[in-house]
2 protein chains.
Amino acid sequence: MSARRSMLLTISAGTDAFVDALARASRRGEADFSKAEPVVREILDHVRHEGDATVLHYIEKFERRAPRSLLLRDYGGAEALARLPAEARNALEYAAARIRRFHEHERQAMFGATFLLDGKTSVQGFHYEEGGIGLGLRVRPLRRVGVYAPGGKARYPSSVLMSAIPAQVAGVDEIVLATPLAGDATDDAVLAAAHLAGVTAILDAGGAQAIAALAYGTKTVAQVDKIVGPGNAYVACAKRLVYGAVSIDSIAGPSEILVVADETADPAVVAADLLSQAEHDEDAYCFLVTNRADLLEAVQRELATQLESLPRAAIAREALKHHGQAFLVADRKAMAETADMIAAEHLSLQVDAPETLLVSIRNAGAAFVGRLTPEAAGDYVAGPSHVLPTGGVVRFGSPLGVHDFVARTSLIRYSADALRGEERTICALARLEGLEAHARAVSVRCVVPRSGADKPPARD
Amino acid sequence: MSARRSMLLTISAGTDAFVDALARASRRGEADFSKAEPVVREILDHVRHEGDATVLHYIEKFERRAPRSLLLRDYGGAEALARLPAEARNALEYAAARIRRFHEHERQAMFGATFLLDGKTSVQGFHYEEGGIGLGLRVRPLRRVGVYAPGGKARYPSSVLMSAIPAQVAGVDEIVLATPLAGDATDDAVLAAAHLAGVTAILDAGGAQAIAALAYGTKTVAQVDKIVGPGNAYVACAKRLVYGAVSIDSIAGPSEILVVADETADPAVVAADLLSQAEHDEDAYCFLVTNRADLLEAVQRELATQLESLPRAAIAREALKHHGQAFLVADRKAMAETADMIAAEHLSLQVDAPETLLVSIRNAGAAFVGRLTPEAAGDYVAGPSHVLPTGGVVRFGSPLGVHDFVARTSLIRYSADALRGEERTICALARLEGLEAHARAVSVRCVVPRSGADKPPARD
């Protein structure tokens, strides 16, 4: 190892430092909202009770601008797309088509078959009958969702595609994109992406005030059912606080990559992947897990070399300094175990037989399989959404997808005979729990129907 | 309408009262945790930093008992099941089998096909290749979940089955049931249900202290990935506060039923269903939506009559007084719209052609289709979990199911040719967003490989 400060802090297995570092890495998702929370609570409260005027007030206060109108239904997306340089336009269209195709696959593969709910209306889910009991699940798109996209330096048209297209494919009626517009030509890429992604209206606001308007509704902005998309600490805090009034995707923390590399990896490629994460922001996490000290040393050298010509070198350098760590372990088994514990947003497998290693790594947001697959391809064009859980949330969280924009309804239908057959069992359970009215609600249906206008004969 | 106070408050469409009542009903989910929150925050904080001893301290303080041991791995479930009276044992076994079967259907229908991740290990999800790019989603069970079940008067073995069986079917490794045991024979039904549902250990604790132990882990209790199941206001508040450290299901509020009934409904049956909800607790919601004033009047009379002999009449009467409402509307269309706005946990359709009506009702947790289908059947044996979103959360929430106990990982694999084919597009998008290192991470892979030990030839 070089005597100069290495780019990645090396931590070798079998030491106390290794155990400590892994434990710290596992706790990286613990967000501290103590600074943001009082401010955000006040904003949420004001917007909730005072509506549009307050949203405009906060936009003026925090964004130092006064939008002509808060909600834009005709936002000129098609025109913005046409104004883009051909290369950017083609690239956005290509990406949108690929993202849409992947999420169509998700919808078709993962929401069950279609069945006829009433003999003629086709819905997705599943349905079966056994012994006179019809059972099923109906998948239903959410009515209205809000997609948040930051302004300023983190203004990524790709995130608009990656957040809104899954909602569109799910069949959501209204997709509102909340993003602070600049009011000039720099808006074009974002407006074009919104157009390609089927965004139905733009809420020209950012920050907690945008989240508040979406979560509670105002005169201008209808309340949504779910808010997705990454934002800064104030946005993340606001999403956490409105959770319950609306659904949210997971709270986004700094972006992360974990590269698992063995002797078949190319140090230049590994370094390039780590830097593509590091350039995002000063808090990005860059993890390397390897069984090869020589590879690690070569990666350190490559990082130094490649940093020299990187436009965002200052940001990347800070990220590596704060959260650049290399875990040096003995073998493939330890590589898989370490990766599983870190539970990274992006998992890059630059090893021999990467799929075999992946079998034993449960926790990953997106897996980039093999050394030819750059994480950057997933950021833009591969297809799966690049909106992924961070901070170890992949233990229980999933990539944003069509799944996020639907809910399910259980379907239950009994025939008279089926209910009679189960009467005794249901009543036994109800009485075991002391719920007599439950038992009677079954038995009242099992008596022979009386005659009379309000007692039609039992039908199945 | 009778001059005596009716059982259900009648609200007729076309009045200001109707608009107000619907708006109030839509806001019923707004939980006020202001009383519970300071207490719960303190408990969470203490348990997080001081572990087991604090959990035991709070059990002694709030539950006035000292469990012999906090975590029971050998909890004697099989023995408890054998000790139950035959009728209860058979009923629990019957219910467990039906619940398991429904969730097996869910898993098979909704998680995609199986495919071979590495040529020999079968996983669920989907996978396809186009133009040298392999894409997919892998469904992976969560490792460890906590299932909460209240003690005391709301001690329902059925809820243990309904919460834990979906986790078991999903393939979760460890299912920890948190519930305060009584330490006597009354535990048997709960222990038996735990056994039938594949619970791997019991945390003998309730309240916020149990949620804290599951969410943060202690020396005795391993941290879980998700906590599900209903509880009182302290439990609900604790779940809300630990959200982020772990996943949770939706925050349970008071139970709800909405009966939609027309002239084909039987007033005795409608009343019995409303009472089966009302007997749960004083805050339960009982909504009736109908187009028939005569039916409504008959239901009111039936409620009064049936209440006379109900063991839990006092509770049911309070529930009807607080939250018993009948919405009288003009026609089927208005019935569907009103039901959709209320977005009830349980939707009972006691109308002609109930499926046709259901087509236009998006928002329902579980739909009980037709007047022969009692909600109580869904509570115990039908199959779908009775753990459902309340308080209007069905707008964006779903029944508890196998879905709650899995996460997904995106799979992306590029061939050399595929990456070369997309290099220009990816680089254009990366540079549009000012992320040069992203572009370079693609291009570094597209150069002709150099020779040398650490530069193996490109492989697909």
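Backbone N, Cα and C atoms are what each Cβ position is placed from, and that goes for glycine too.
Not measured: the values here are computed from a predicted model.
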Residue among B:ASP225, B:ASP379, B:ASP404, B:ASP417 sharing the substrate site, where TrEMBL lists B:SER255, B:GLN277, B:HIS280, B:HIS346, B:GLU433, B:HIS438 as binders: B:ASP379
Largest CA-to-CA spread of substrate binders B:SER255, B:GLN277, B:HIS280, B:HIS346, B:ASP379, B:GLU433, B:HIS438, angstrom: 57
Listed binding-site residues (B:GLN209, B:ASN232, B:SER255, B:GLN277), ranked by Cβ neighbours within 10 Å, top entry: B:GLN277
Sparsest Cβ surroundings (other CB atoms within 10 Å) among the recorded positions B:GLU345, B:ASP379, B:GLU433: B:GLU433
Sparsest Cβ surroundings (other CB atoms within 10 Å) among the binding-site residues B:HIS280, B:HIS346, B:HIS438: B:HIS280
Spatial neighbour of B:SER255 (substrate binding site) that is closest, considering only the recorded positions B:TYR148, B:GLN209, B:ASN232, B:GLU345 and their CA atoms: B:GLU345
Helix, strand or coil at B:HIS438 (substrate binding site) [DSSP, three-state]: helix
Neighbour tally for B:TYR148 (NAD(+) binding site), based on other Cβ positions within 10 Å of its Cβ: 30
Candidates B:TYR148, B:GLN209, B:ASN232, B:GLU345 (recorded positions) - the one closest to B:ASP379 (substrate binding site) by CA: B:GLU345
Cα distance (Å, whole number) from B:GLU433 (substrate binding site) to B:ASN232 (NAD(+) binding site): 48
Using Cα positions only, nearest of the recorded positions to B:GLN277 (substrate binding site) (B:TYR148, B:GLN209, B:GLU345): B:GLU345
